[in-house]
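This is the structure I have questions about; it appears just below.
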């Protein structure tokens, strides 16, 4: 037993080092001057500098990218969760005409390649005048986030015994009141996990976000790709912008860390 | 207990149905429309019937050759990363610490790569693997290994595969970990009394319990690797040459780069049909394992 637990620790430590090494290198680079990056390969910054971070926080063309990204991510999470809650309840509690086909069709949209949708979305959102607004990206990301939220919430809701619904009905609760007052607190962790996943997949997506925005709603990911190619290769600035995109994710993980394993199994363990 | 039949449940599903129909069916209609027409610019379109599809599915034409090359490349990529990530994920899940602060710390670090925007994942590996400024590239060349992912096909493939393993193995590991956590302690105690070996415990207790989450993991990993776009686009741009041009990269080049709408639309539809078919197979298998468990009186 002792020997196998030592082997486990060894594997785990190796794996965590493998995960952290590239991130360490990114942080390391963001704290170096471009001169040092281009001339030497050093394991820590010899000439520590925060100039790249200062530039990002003072230059509007950089920090508005973060604001734009967070705007559509939050909009998308709110839309996805509020639409998915009643639908997931219906799937977990009732049998109805076409339910299995509908569930599969929803699921298949989670799997559809965004590259297929890039051009038609561009046409669609230009036609209805939402192009280059956070709403366009928030609605476009619903394509995969709404099905995902339904899938996760359905898993968590199926874990709540149906007797609770019946007892509440006997006690005279109307359906909306029962849903908000009794049912939602019971699946609070499920809602948290679903919100986490919507946040995650909307935050990391680039292709649709890039296609649907031009200047006003440009997300940070696009600012990174465009500015960098235009200004030669400003590695230090690129690295600092990268580090700052990791932070929101890390904060969100911290809040859901206790549910993360169950959440990744989409409430189906 | 059977779920009661209630068709008014459609009212609860309607909002989701409408928004997904708006974002999925409307765009697909446009794609179908483009796929049967040809254009010479100026928004003038001509009926082309199934011409694009015939060309696409015939490997001897330029379009077909390109499509099949990207398809095989993408399938090879998916097969390689599944062959690495699934066993590695299981191994990591089995090695997770049992309790205490270590669990929370490990979980947070493991989930970290999953929440990094995909273009930043590409950037991270770019600065990590470049031969002139990256730790990995510089280190390998210093050791005397000739490594340059921008010029050499093999290096480019290895870099992209390692990047994907770095990015997504945690997803498989976290899923398996969730499956392992649901095994009651009594099972292990019984195994100990029977004097079962470590391997026997793995094959008879742990693996069957992980079957369902492993299915989800394989499904998600296959689909996401089959539509991979951003990370290789940032890292290699599909090169050197076309060596890492996967289906999505090729499609975006065709649609938004060359504005070859008819060809791109035909390719989109075939691509989407492949995804749909694979998805259906997985869904059927998954629903069947679910009902098997229900037959044995276990929760699905």
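Heads up, the Cβ atoms here are built off N, Cα and C, so glycines get one too.
Got these off TrEMBL a minute ago, pasting:
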DOMAIN    B:71-282  domain 'ABC transmembrane type-1'
TRANSMEM  B:12-36  transmembrane segment
TRANSMEM  B:75-96  transmembrane segment
TRANSMEM  B:103-128  transmembrane segment
TRANSMEM  B:156-180  transmembrane segment
TRANSMEM  B:213-230  transmembrane segment
TRANSMEM  B:264-286  transmembrane segment
Could you tell me whether the transmembrane segment (B:12-36) and the transmembrane segment (B:264-286) are in contact, taking contact to mean 3+ Cβ pairs under 8 Å with a sequence separation of 6 or more?
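The answer is yes, given that the two segments have at least 3 Cβ pairs within the 8 Å cut-off.
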At a C-beta cut-off of under 8 Å, are there same-chain residues at least 6 beyond the transmembrane segment (B:103-128) that contact it? List them, or none.
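Same-chain contacts beyond the ends: 92, 96-97, 134-137, 159, 163, 166-168, 170-171, 173-174, 229-235.
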Should anything in the same chain at least six residues away from the transmembrane segment (B:213-230) have a Cβ under 8 Å from its Cβ atoms, list it; otherwise answer none.
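Distal contacts: 74-75, 77-78, 81-82, 85-86, 89-90, 118-119, 121-122, 164, 168, 171-172, 175-176, 178-179, 246-249, 252, 274-275, 278-279, 282, 285-286, 289.
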